[in-house]
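J.: Before anything else, here's the structure in question.
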Amino acid sequence: MVETAGLLPLPLTGIVILIAIFLSIIAKKLGHNVAIGFIFTGFLLGPFGLNLLHPQDPLVIAFSELGLFILLFYLGLELSWKQFLEAGSSGFGLALLDMAASTLAGFLISIIFGFSLLFSILVGFMLFSTSTAIVAKFAIDKGIFQLSSTKLAVSILILQDFLGILLVVLITSISKSGSALSLALTALIFAIGVFVTVYQLSRFVEQWMLSNNFGHTEVTLYALGVGLIVSTIASILGLSTSIGAYFAGFALAETQAGERIKKDVSFMRDFFLVFFFVGFGTTIFFNPAATVQALPALETFAPIALIAVALAASAVVAHFTIFSVFGAYFGLSKEDSVTSAILLAPLGEFVVIIAAAAVLVVTASEKAVIPVLAFLLILITVFAFQPLYNFRGILERLSSALPSFSRPVRTSKVETHTPYSYRQLKDFAWNLFVVLCLAWLTVTLYYKLPAFGIPIPYVRQFSSALLFMFFAIAPLLKSMIALRNILKSVQKKSHSTA
């Protein structure tokens, strides 16, 4: 710890927990996410406030990394492949459109404000990182959890969380590896190998433990041990420990003890997440180059706040537009479309997680910006969430003025997948994966292969794009045909229930 603190780690840990609990209670009473209280704790205890914590303290780093490990391990247990598929055709289609629109909006605004390409992409990813905890708590308090609009929003959140985890894994792995192609192949082989190995081994170990009268405590300890070992192997291979944690939990979720392990790990998740968010709070207004933390001048802070407001507004507009225009196509009424869009407004924990991972890969000048921007995005969207819901009647009238791709139906139903849509979804995912691999390979070869000095403008870019399209056109068409078949299936169901 910092020398000026004069405190041993154990008493300091107690101080952190007590202050974090106190501030989280205040945040909860005000109707906000408890994570805001945890982040404020780190901000107050960090160099800006009491100077008891420092972003570069070994204890802060260790607890933050352990918190991220426990979180991703738990999410692997929580977001199994079955849940991903059970989100339904409507959830899949709207989630795809909504995430694309949100990412594009964040990307364009960031580019306009002069940020780098990578920074702009990461900010775009932040804009679809809705807080599942806030939405679920709000729906329960309002008694709307069983409505079709709420179920659809929750199914989209499942897909967002699933993709968000993969993005965190990708970002943190890129920071440790210089070769994109090598990283992609290693990560793919590692993920498949971990899933198969851990699943098969855990089934055997689980049966052996139960037959020898071992309880669920031993099974949970075994699961955590497997997660730590797999994470260590991932680190040795040059990947992020996050990919090991997630896919170990992902495989264990398919075992009989998966639900029991998840319940046992949930307390550890809550405990270590406190330190993860506290650690993130210490990085607000922290300058890594100067290793100091200071409140920026108004002329520095005002543009960041302006960007945060613009990004938050663009995310809300993207949700509203996508659901208003395409909601009826997926069998949603205007009322349900608007309600689902509003429920996707509050950003949450994954914004912080993506920001913490992004600090490792963005430029030096952007390292101090992204934690502040992430925190402001959460504050703005959480504060705007309740007013948006209260004025949903006005938004419904605005939605009716927008063009729609099909006539809305009176009632909404989140359709589950059929065997046909399962096959089409599989074809879509596989062919899209092939296209992404080809794109990654094209970009890698573009930078790796030597230039031949042909005096024609943009000949290198043109030939690379032409080569990519030559190989990618077939799988791209197949993926689009599969997506069209999924949408037709959903539309047919919607008309049949009208």
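Cβ atoms are placed via backbone N, Cα and C, with glycine included.
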J.: If you look at how TrEMBL annotates this chain, which of 91-110, 271-290 comes out as transmembrane segment?
T.: 271-290
J.: Count the Cβ pairs between the transmembrane segment (302-330) and the transmembrane segment (342-362) that lie under 8 angstroms and are 6 or more residues apart in sequence, then report whether there are at least 3.
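T.: Checked: the transmembrane segment (302-330) vs the transmembrane segment (342-362), in contact.
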J.: Looking at the stretches 6-27, 34-53, 219-237, which one shares the most CB pairs under 8 Å with the transmembrane segment (59-79)?
T.: 219-237
J.: Out of 6-27, 34-53, 219-237, 342-362, what stretch is closest in contact terms to the transmembrane segment (368-389), meaning most Cβ pairs under 8 angstroms?
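T.: Going through each listed stretch, the top one turns out to be 342-362.
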